[in-house]
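Swiss-Prot annotations:
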BINDING   THR163, VAL164, GLY165, GLY166, LEU167, ILE168, MET169, GLY170, THR171, GLY172, ILE173, GLU174, SER175  FAD binding site
DOMAIN    58-234  domain 'FAD-binding PCMH-type'
SIGNAL    1-22  signal peptide
TOPO_DOM  23-31  topological domain 'Lumenal'
TRANSMEM  32-52  transmembrane segment
Amino acid sequence: MEPAVSLAVCALLFLLWVRVKGLEFVLIHQRWVFVCLFLLPLSLIFDIYYYVRAWVVFKLSSAPRLHEQRVRDIQKQVREWKEQGSKTFMCTGRPGWLTVSLRVGKYKKTHKNIMINLMDILEVDTKKQIVRVEPLVSMGQVTALLNSIGWTLPVLPELDDLTVGGLIMGTGIESSSHKYGLFQHICTAYELILADGSFVRCTPSENSDLFYAVPWSCGTLGFLVAAEIRIIPAKKYVKLRFEPVRGLEAICEKFTRESQRLENHFVEGLLYSLDEAVIMTGVMTDDVEPSKLNSIGSYYKPWFFKHVENYLKTNREGLEYIPLRHYYHRHTRSIFWELQDIIPFGNNPIFRYLFGWMVPPKISLLKLTQGETLRKLYEQHHVVQDMLVPMKCMSQALHTFQNDIHVYPIWLCPFILPSQPGLVHPKGDEAELYVDIGAYGEPRVKHFEARSCMRQLEKFVRSVHGFQMLYADCYMNREEFWEMFDGSLYHKLRKQLGCQDAFPEVYDKICKAARH
């Protein structure tokens, strides 16, 4: 009884403090209090609910039957929109705060919202090595199911809450992408509802133009209702090597060399300054040396990026065996390194042991509760960007990141970009090795001004035939955007499929003016 009374007294005192200081003051200056007391427990409840729901639905095998009914319901909504005169564009009815992007699309308030309640794994076919899923299936769901039966996705992007739909309509990448490409490159079929309410299935050999145009289109060619994705046999552990490297030239040379070695299942780099990095290479294995086993995903363990930094500080190489699912979600608990700005003591051993089992808070709930003042502060004093540049331009790109934003750590993830039709492809006719440079945090450059600094960075990326991930703030104008992306197939299909009066152009959904 006494703990309950103490908790009630603490809650009452907190509410009185909020009343005196004001909710906005607390959310901005002591946000960790609000996050720890409210968002962490709420996030845990969300996770438990969705995990239990997904398990029950899959065990009852009810998803395929429900799927057909839900698809018919989406078609009905689209046809009703047409019958009512097609007065506004359509978009999915999923609230903007539920997405992993830091911004919320303004268009949700003005467009016709089509409700798409598709969040289940439909089928796992181990003979064909295919998993068929609905668009709102998360990476957490996928790993929980596939890893338990000895399978995995060739490319399994990091954060638990990333969805299949977002990774196809936007993009997705992981440390295995040097072998398999982006998330779109492991997909074998898409099922969509088009602007006229019709259903279409597209593959590399059937409706191939649409198949190659869908990735990066952000839902502006149709509504994704299912996808078929390759699966491969999984092993229990990742044998991960850590190697600190100093000097930018040595870093780029080592990273490129390891990315070209296809015997590496995983390649990743964390850059802690312009000339200090730890490069990690891994292979899947069923064998383990017990003394080197590290269950890094356990709630009481140090955050992964801090653990990696120790190899740099002590200037030693290392070898560890990490459980496969722990490896896949190694950056989830700390949201890469963003959580250190929200809960500054989050990596403290005492906090980890007492409350680490509730971490991380849902990104969606962080967005929902941030408020207008905090949103503006984040916009001007916080950067979240992923720029994809050719590997040969890596050194030049890192100098540009240093000069324009100066954010560390920086995430380095290699990927092979095939020469295929669509919005994103290499400049030449052959596949090319690229690197994703991810910068997340507070810029340290003097007199940082978000718009001018980001436009300068975007200009550099265009000049080397690179690409910007579309979840991030985009300051390019329309002409610059279509200089970066190849819109030839995309515009052809928008006209051919009647999308011009049904969906906004992709630029109008992702540009800075379209989000808040």
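Numbers here mean position along the shown chain, with the first residue as 1.
The backbone N, Cα and C atoms fix where each Cβ goes, glycine too.
Features as recorded by Swiss-Prot, highlighted on the structure.
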residue : record           : DSSP (3 states)
THR163  : FAD binding site : strand
MET169  : FAD binding site : helix
SER175  : FAD binding site : coil
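Same-chain residues lying 6+ beyond the ends of the transmembrane segment (32-52) with a Cβ under 8 Å from its Cβ atoms: 11, 14, 26, 119, 138, 140-141, 144, 342-345, 355, 357-362, 365-366, 369.
If you draw a 10 Å sphere around the CB of ILE173 (FAD binding site), it holds 24 other CB atoms from the protein chains shown. Within the same chain, the residues at least 6 positions away from GLY165 (FAD binding site) whose Cβ sits under 8 Å from its Cβ are PRO135, LEU136, LEU224, ALA227, listed in sequence order.
Every protein chain considered, the tally of other Cβ atoms within 10 Å of the Cβ of THR163 (FAD binding site) stands at 27. Ranked by how many other Cβ atoms sit within 10 Å of their Cβ, the binding-site residues THR171, SER175 place THR171 at the bottom.
Note: LEU167 (FAD binding site) has non-local neighbours MET139, PRO157, PHE183, GLN184, i.e. same-chain residues 6+ apart with C-beta under 8 A of its own C-beta. When the record's FAD-binding residues THR163, VAL164, GLY165, GLY166, LEU167, ILE168, MET169, GLY170, THR171, GLY172, ILE173, GLU174, SER175 are compared pairwise by CA position, the greatest distance found is 20 Å. Annotation for MET169 (FAD binding site): spatial neighbours VAL214, PRO215, TRP216, SER217, CYS218, GLY219, LEU224, criterion Cβ-Cβ under 8 Å with sequence separation of six or more.
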